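A quick write-up on the structure given underneath.
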């Protein structure tokens, strides 16, 4: 049903006293009021909700400051001698006791003037009826006895603080009172201990202007201060129970009777309204009285539904709740909440905000005399009445067909902490599992991180296994070495034992020989007979060794004839020898260049312009390679190839060509360091090098003599003849040996053939060089020299023909051996090529072209991206993902992250786990962290705080008895005796006892509940 807020009826009671009011107090029977101000002290009767002034206590008195009313208080007793007593406090520090029965000047009974400054508050003792308590600006509290006029101040309290703003006796304990101070503290005093305060609470930031004890709850007091707050305190523990924020400073507060947590307040400035608050709902007041035109100064509850107030606007008002402004009725009721399914429910009142046509009467028309009494603008009208309809509740869910579930941060943290893994599986499995966990809660950016880690570091497990295998092999090798050492040591011990046994046997034999009576001459004869055949064998071996040495010396003499002849003629032809040395050095350099060019051409890479790729050429086949085992390398004309026959090309080194080159090198190494010589047919000679040598000779031959040249030519002819004779002998011997051992020495035969052919070519080159040199010399020398040169030419031609004939005979004899050796060599190379290429098929027999790119990619460094990724997670506050990535990758590599940063990451994550009470997960992270600071944190900072099982207060170390309840905290719940040693307790209820007693109770007797009878189930239910 639609309901309308009705306007307030004319039910207010007010009284204009003509002067600003400062305080108000009620009689014990609530029929009269005492109102005090700067210029008035009057008694007002309250009958039928109407105010009437019955007496003026200041009538006919002089304008003395003793009679000004800064505060007033009616005696709370109903006894005849006390119910008419009234006390007032003046601004000059005087305290006046009034008797309302008397009239005129006799109404003043006592005047106390011990305070030096203004008295702010008065309070009668609830039990000692003749005593009154005062608080002053002079920083003292005084207890007065109204019966003693000479020395009335019986007790003086010196709190050593600032000015006292308010004092009140505790209704539950008459000997205690509370005082409010300007320094923001509230102190609890006992009149029996006037030297020191019992309790002190710092309640406000600034002045504490008012306090009020709760009428029902013990030790609970409310305070209001200049910091615009109302606070509720419990003096038993000094804790703040509630806090109400207002818009201005609070000058007076008063608990509402009949309503436990309702309290009224008024302000000293700005706010002229009186508010009634519910301290459990501190944001909006329940009721507000808006009739005063100036700040209220006093509050008295006449009943739970009516409030009497005075103000500096000189008015005394009786406020009824039915006339009050109710903010809750003028605001829209709204409720909002979440459920477990992430659904949002809200409820709102449907309000019709259309204005009603009826205009509301103003308060000035209702109370003309009230508003005409002072020049105050008329108050604004109340908010317009609004038609309220029935509330509407709406339920919203973020889960639609095309939307995703929204997860709370707390839920995500707990979900990841419980489901993430960092050990027990391989790297790829851990990444897959963590990716699935993050994807199940729609955290796609985190799942992408795990997938990237798996994509780049997919081979970490294989690398780790390889390292472990290497470590195992090293360990096994060390064990073998140790075992060998042990085995070597054992035979030494055995040898020592055997030697000792032999010595013992020899001693026994000597003893036995002495006992024998046979002659000793027979024994040397027998020994001589045994030694004769051994001497014959030694003599034969010595003869064979001498014959071999003689043959070896003869061969050396034949080979060193050239060098001896050259040394004999060295003193006569130093210049020519130097020329020959320079020629030899040039020729050796040419040989090196040609050999290098050949290697580059045959083993290097050739650019193929058709496909812009590099083709790696196959190593030369076995038919083009011959192994010479007898090549000594002493001849300077061996292994010379013409530079014109080779066209050097720029080669790009590739990994595949290098691997093939290594494979061919391995083949040559396996053949006992055999020199490789490459045969080439129809190669033109390099005339450039020869021409350069000829030019050098022409420059230097002018200084030489013709006789020296003739001697040199004759020496060379003799040396060549001796060389050829030696070669024929060596080759014939080799042929005979090859016929005997064809199957074992095929490789050496082929190499010998290659050597013979190379020497033929070298001899031809030497003859040509001699011819050229002789022709040049003919131009500069005499006719005698010409004849000598012609003779040399003829001799050279004859020698060449002899060499060719000898070599042809040798080649004819070795054709069969050569064919067999080549076939065997092909088989060996084919097998090794198959092993090197990992059983790959060859498309071509002569050469295999492999496509290789012209450039190589550098290895991509993924580690800086990982560090940036971790830093981005830290900036988002996701320390959890960073910790798990470090735990997983840290086992395989060094992440190059600063140690103190890792310590802060792990420390933050462990602290979060401990806040969520995930103790086991926090300890697991500590255990497997590589940082020693984190790993040993549980060992250094593990503390156990015990609490009393009866009151719950913590017990200090090395103490058994609780300080609060004075009970032994370690009593057994079954035997009720103190426990010394092992203590077992339930973490739910805190009860425990001896280990044996707990076992007998829960295991033997099969009990589930606590033995103390606290109804707690200490053991889980069994399914």
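Placed from the backbone N, Cα and C atoms, the Cβ positions cover glycine too.
According to DSSP, residue 997 (Zn(2+) 2 binding site) sits within a helical segment. Feature annotation from Swiss-Prot assigns Zn(2+) 2 binding site to 972, 975, 994, 997; the stated evidence is similarity to another entry.
The annotation Zn(2+) 3 binding site is assigned in Swiss-Prot to 986, 989, 1016, 1018 on the grounds of similarity to another entry. Counting only same-chain residues at least 6 apart in sequence, those with a Cβ under 8 Å from the Cβ of residue 1016 (Zn(2+) 3 binding site) are 986, 988, 989, 991, 1009, 1010.
Residues or ranges marked as compositional bias 'Polar residues' by Swiss-Prot: 661-681.
Taken from Swiss-Prot, the feature region 'Disordered' applies to 563-621 (among others).
According to Swiss-Prot, the region 'Disordered' annotation covers 661-824 (among others).
Cβ atoms under 8 Å from those of the repeat 'WD 5' (203-243) belong to residues 165-166, 168-172, 178-182, 184-186, 188, 249-255, 257, 260-261, 263, 265, 268, 277, 279-280, 282 of the same chain, restricted to positions at least 6 beyond its ends. Taken from Swiss-Prot, the feature repeat 'WD 5' applies to 203-243.
What Swiss-Prot lists as zinc finger is 947-969 (among others).
Summarising the annotation, Swiss-Prot assigns zinc finger to 970-1021 (among others).
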Counting by DSSP secondary structure, give me helix, strand and coil numbers for the repeat 'WD 5' (203-243). 0 helix, 23 strand, 18 coil
Within 10 Å of the Cβ of residue 972 (Zn(2+) 2 binding site), how many other Cβ atoms can you find? Include all protein chains, please. 20
Averaged over the repeat 'WD 5' (203-243), the pLDDT of the predicted model comes to 93
Quick one: pull the CA-CA distance for residue 1018 (Zn(2+) 3 binding site) versus residue 997 (Zn(2+) 2 binding site), whole Å only. 14
Just to verify: the residue among 975, 986, 989, 1018 with the fewest other Cβ atoms within 10 Å, which of the binding-site residues is it? 975
Once the chains shown are all counted, how many other Cβ atoms turn up within 10 Å of the Cβ of residue 994 (Zn(2+) 2 binding site)? 19
With Cβ-Cβ distance below 8 Å and at least 6 positions apart along the chain, what are the contacts of residue 997 (Zn(2+) 2 binding site)? List them in sequence order. 972, 973, 974, 975
